[in-house]
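Taken from TrEMBL as is:
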| type | residues | note |
| --- | --- | --- |
| DOMAIN | 42-232 | domain 'Methuselah N-terminal' |
| SIGNAL | 1-27 | signal peptide |
| TRANSMEM | 246-269 | transmembrane segment |
| TRANSMEM | 276-298 | transmembrane segment |
| TRANSMEM | 318-338 | transmembrane segment |
| TRANSMEM | 350-373 | transmembrane segment |
| TRANSMEM | 393-414 | transmembrane segment |
| TRANSMEM | 445-465 | transmembrane segment |
| TRANSMEM | 471-492 | transmembrane segment |
Amino acid sequence: MLANRVAALVLLSLAVACNVFPLLALAQTQNSQQSVTSKYPCAFIDTVNITGSYPHEQYGIGSNSTAQPFNNSYIYEWMIIPPELVAVYDFIIKNGIRVQTERHLRACVCKLKPCIRFCCSQGFFYSLENKTCSPISSIVDNFVDQDFMEIRFTNGSVGTISTSGHFLVHHGTPCEHMRTITKDNHYVHWTLHENGTIAYKNHLFSKHYCFSAFLESNKHNAMDWQWQPLACVPERLPFILGVREWTYAICLIITVICMIIILFVYLLCTDLRNTFYGVAIKSYTLCIIIGYSLLAHLTLTNPANMSKYACSKIPSFALLYLVLSFYILSFISFNFYLSFFGIILSNLMFWFIFFPIVIIAACWSFFVSFDLYNNRPVFGNEICWFDPRNWSILVYLYVPILLSCVFSGIFYILSLVKLSDGPDVDVNKLMASVSRNRFKSFWKFFGYTLSTWLVCMCSFAINCYRGERTHINYVVCLFIALHGFGSLYALVGKNQQIQNFLRKIEDEIDSDEIAEISMPMSNF
């Protein structure tokens, strides 16, 4: 019996050793490789695929001939690439968009030797009309040679060098659509420098380029071939009106309907109609109605069918009303905090506070509509809302909203501290006309609003990082609808004053019906 147990333990130990130790060794090997290749040491345009290249192994110094090789260097074009310039990539950049691919090795070769890029191979030029390489078939073709280029050296002198000897030569277009840079309908004579940069006066050319030969008239009015760098044409975002867009627009409209109901109820309620809180809620719902309606219009309308003026001004007005809505919530939070000190603000005080903020928000939206982000207008380019390929929406919309939420959060914390200072009787005295029930219902509503916009921010960050629209967009639609239903539930369903007002109306209707029934019927 004891012998069987010992044998079982020995077999179990062997099994664990045979399975765990190889896994640990594999994990250690992978970690040693990933420690070198975990970061991207340069821009993607400066890399080449070196998968399959020969590793360069160096051996330890000493008399021992069996020394193990070290250093994970690679050889490319007779150059030794150190391991800090090699990384494992699982994507490529195609037309400015990150595309997922199989894992492969890339090296930053342009950091070791300056690179030069030609759109086509020797004897071809890039046709801007056909967007393909076409053969050169004229008498002066022999004067266009990729093997020799004129460059400017660091000492200021100009000379002709061998391109293959001085540069790493790459063939191919970095984008599908290329264009020339012209000035007054003439080609710009760019200067190729010794370090591989292309410049004209103080203007540097983009790294996303390729050289192509173009015919240009010389001093003797004869046509001659000249080298011109072609730049990538930014790809226009296609207008898509699919299930995601319709779902988003419908959820926006649902929230607009809920806000209209809240506005209608607060207009009828005599107890809240002319108070600071009532005027602020009505102003908030009006801003959300206009802002969300404009967003729904932008979602369902093709920018190509909109004028340049409308494409620039409609989103600026949407930005204005969305930012204003959050700062109105800050006013309400501030009003709740002041009520603990016996300070009751009237509706006239709301307008005194509101109009300066309106002017500031209007100036902000006016500035955004005329500002540039990454050398592009924020509104009115190929999309009438914020470009999802950059972080402009974070700078111009989400940052003001976050600042407003921070202000509201500070006043909420101060109010909670004040609530915890004394018993409920003192609290009722401090809050005066602002009931505790209204305080709770407002902060429930604020929680629904904040969670909705936090989901929108997370969705934007994920989509921008991955370079594509993901299924989290449907979660945004769900939370947009939650914003409407949650506001209706908190501001109407959980507000005791509103509920008393609605019950009073219901009682009056019932009493009218009873009175009508009790009246004697007259004979015809």
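Cβ coordinates come from backbone N, Cα and C, glycine included.
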Most Cβ pairs under 8 Å with the transmembrane segment (318-338), selected from 246-269, 276-298, 350-373, 445-465:
276-298
Are the transmembrane segment (471-492) and the transmembrane segment (246-269) close, by which I mean at least 3 Cβ pairs under 8 Å that are 6+ residues apart in sequence?
yes
State, in range form, which of 246-269, 276-298, 350-373 has the highest count of Cβ pairs under 8 Å to the transmembrane segment (393-414).
350-373
Taking every residue in the domain 'Methuselah N-terminal' (42-232), what is their average pLDDT?
80
